[in-house]
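> The structure's right below; bear with me while I get my questions together.
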Amino acid sequence: MDNNGQLSQDVKVDSKESAFYVDAAKYWEQVPPTVDGMLGGLSSISDIDLKGSQRFLNSLYQLVECPGKERALDGGAGIGRVTQGFLMKNFPVVDLVEQDKQFLDEAEKALEPTNHKGQFFNIGLQKFTPEACVYDIMWVQWVLGHLTDDDLISFFIRCKSGLKPKGLLVLKENLTSSGEVEMDSTDSSVTRPRALIIELIKKAGLRVIKEQKQQRFPHELYEVRMFAIQPV
């Protein structure tokens, strides 16, 4: 969750994009499939994170045009921490998308004793295309920094087709306070400022209908916000 440095526009060049994704995949291959591994050694914040997510989801069902409660997607699911700790408590069917096979295998193993119903997709979000019109909520958390701007816009556009008529795409992400994009060369990811996230959402033909800051995280961490977005 800790990113440093700057990202130039070079990540949009094909050769740079390839290295950007390859380096990230190599990094995550070395990370243990545990909650501590998923959270960069900050497993202590997991419960706070999940409770904050639940409160935000609850607020979405107070909206006049609220989504259904049948099927959700966990985008960048890792070992299924968000699915097991939060999404499964709200949706009878949860699908998981994760490009690291080791993490996805651990998710399947962890969810096997539960009443989990859903599919497991071993693919990166930059290549994932959801089935049309099936999801009430698509929850994408702490993974957008692994997509280039162009791929992120394309991903958002594909998500639109995967949503049911009242469905929502929910993003939960770190945001820089500097107003600049910051690069973490360790895991080959970027952290964007809020203004850029909003700009990319708009470019994809989506709009933010509700936004909330995650509370009670350590002050030394990036600000984390949740965005509920829908097609314009």
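Glycine is treated like the rest: Cβ placed from N, Cα and C.
Caution: TrEMBL annotation is automatic and unverified by curators.
Keep in mind the model is a prediction, meaning the values are calculated, not measured.
Pulled from TrEMBL, these are the listed features:
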type    : residues                             : note
BINDING : Gly76, Arg81, Leu125, Gln126, Gln141 : S-adenosyl-L-methionine binding site
> Let me know the largest Cα to Cα distance in Å among the S-adenosyl-L-methionine-binding residues Gly76, Arg81, Leu125, Gln126, Gln141, as an integer.
21
> Sort out for me which one of Gln126, Gln141 has the most neighbouring CB atoms within 10 A, since those are the binding-site residues we care about.
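Of Gln126, Gln141, the one with the most crowded Cβ is Gln141.
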> Which residues, sitting 6 or more apart from Gly76 (S-adenosyl-L-methionine binding site) on the same chain, put a CB under 8 Å from its CB?
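Listed in sequence order, they are Val97, Glu98, Leu125, Val140, Gln141, Trp142, Val143, His146.
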